[in-house]
Amino acid sequence: MPSRKFADGEVVMGRWPGSVLYYEVQVTSYDDVAHLYTVKYKDGTELALKESDIRSQSSFKHRKSQSSSSSPSRRSSSRSRSRSRSPGRPARGRRRSASQSREHKDDKKKTIQETSLALPVLVLLKPSENNTKRYNGEPESTEKNDTSCIILEQKLKPDLEVKRVLEQYSLHSRKDDKKKEEIYSEKKTFVAVKPIEKVPTKTKELEFGGRIGTFMMIFLLPATVLYLLLMCKQDDPSLLNFPPLPALESLWEGKAFGIFVLWFLLQAVFYLLPIGKVVEGLPLSSGRRLQYRINGFYAFILTAAAVGVLLYLGFELHYLYDHFMQFAVSAAAFSLALSVYLYVRSLKAPEEELAPGGNSGYFIYDFFIGHELNPRIGSFDLKYFCELRPGLIGWVVINLAMLLAEMKIHNLSVPSLSMILVNSFQLLYVVDALWNEEAVLTTMDITHDGFGFMLAFGDLVWVPFVYSLQAFYLVGHPTTITWPIAAAITVLNCVGYYIFRSANSQKNNFRRNPADPKLANLKFIPTATGKGLLVTGWWGFVRHPNYLGDIIMALAWSLPCGFNHILPYFYVIYFICLLVHREARDEHHCKQKYGLAWERYCQRVPYRIFPYIY
């Protein structure tokens, strides 16, 4: 076991990955397993560096120029005579012994190496302030709207700086310099083709209350779903009227579980169909990009056709309403089994395929968060599939079942206005998500969180059975609303949807092509990662305008249920808590990722979600 060289809190010089530039950093921790130091730059950026990429500050100090001669008397006598010497005049060093000559050569070689090490680093760190600012996340100006300028600068500036310094300060022969330039040009080509490989480290900052919090949530989430569904079945679903617990044997039905498994497999078949375009996701830590087939909207169309055929053949869809509790329990059991499988297979996954947030080494925490980032069976991406397909499309089918159940139970020829509004609003939301399926590839669920119990239960149970709570509530508690109120609620939903969609489109278009002339009016703050932080449009209004639109729509979905009980408003209350928590997670990750640039963005856009409030 090699001993560590640098202590926690020690200020050293760390090499910026992919370059020859060294910056002052502070050692924060050391990983004994991966033998990596976690260092923090002045702008707040944290990186994991090898010991070979870290040097003490003393090695970067200027050394006074002195003669290579080892004789002090000669140095003193040389002060009083001319420094020039006739080319034909022999040097005094030739009269020395062979051993002195060898020592002289060794000293001279050492001085040259030290000088060639110190000079380029000092020149790059001090005179070239613009280059240093760019790596520290400090833009040359506070805001920019010339995207082509920053892209060109990122590609050319570091290479030109290094080349200029090597030419100016190299003390080696021209032949050696030429060889170094060839090697460096090959290195540049390699870096341009393949991004820097980062070795994942252990997750140190545990979320959701750590091991104890995640252990409790594994039981609390299913209990919450069960409680909400039992409350909706009561005649008086008030908070003080706690529902009686049903018999355990009544919660399980083999037919319901079989139908759920068939539903899951049907969506898997639709996912594997060779229709729709194939796109690449964001680069992984190894530099590799995974491919994803974008055909969620086609899967929705095929599902709608299949449901239509079933209704035509006389299948009673309100069977879902009659056995809603059994379907929820079946989905929970399936998600638990899937989570166990995901964790077991993650134990054999390569280190670079583990999730940044679910690699803590604690079984319960990693099981809940997800240990593997992108678990796949061949080309079948389990996390990406579950994110939008079975749960989201199932949500629409459940709403339709509730609409048909309302008509049958209350002998209605047409659904109630409240039920129509709830179904229409939520259908629009699902269709929008499937139509813009590619945008999910940049979300935290895909890029940061592993696939474990949290996402498996959330995608397969929480989304279809909790998000459809308003429609389920209206079946047993019909609510009559007037057309003017319905029109006002519709306007509110449209406002929320407009904010949500335009903000997301603005962000996605800017990420895909910052140099698009259509986005020339948008201003941004450049960052050390090469990305820009928008400070105009919706993203200059609040930091998360898409969350604001989401919350407005959630309120519009609950209003058709009236104000007799708070139960239909559970969704909007939960959603506010969820998005506030997610915003805090985003804030933490962005501060680590963008450093000083994020601080400037927060000064420019002070409000997080609600303008002038939060």
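Each residue's number is its place along the chain shown, starting with 1.
Just so you know, glycine gets a Cβ as well, placed from its N, Cα and C.
As stated in TrEMBL, the feature transmembrane segment covers range 521-542 out of the listed 389-410, 411-432, 521-542.
Between the transmembrane segment (212-230) and the stretches 256-275, 296-315, 327-344, 455-475, 521-542, the greatest number of Cβ pairs separated by less than 8 Å involves 455-475. Sequence-distant contacts of the transmembrane segment (455-475) (same chain, at least 6 residues past either end, Cβ-Cβ under 8 Å): 221-222, 224-225, 228-229, 232, 237, 264, 321, 324, 327-328, 331-332, 334-336, 338-339, 342, 370, 383, 386-387, 390-392, 394-395, 398-399, 402-403, 405-406, 409, 416, 418-419, 422-423, 426, 445, 449, 557-558, 560-561, 565, 567-568, 570-571, 574.
Fewer than three CB pairs closer than 8 A are found between the transmembrane segment (296-315) and the transmembrane segment (327-344), and contact between the two stretches is not assigned (pairs 6 or more residues apart).
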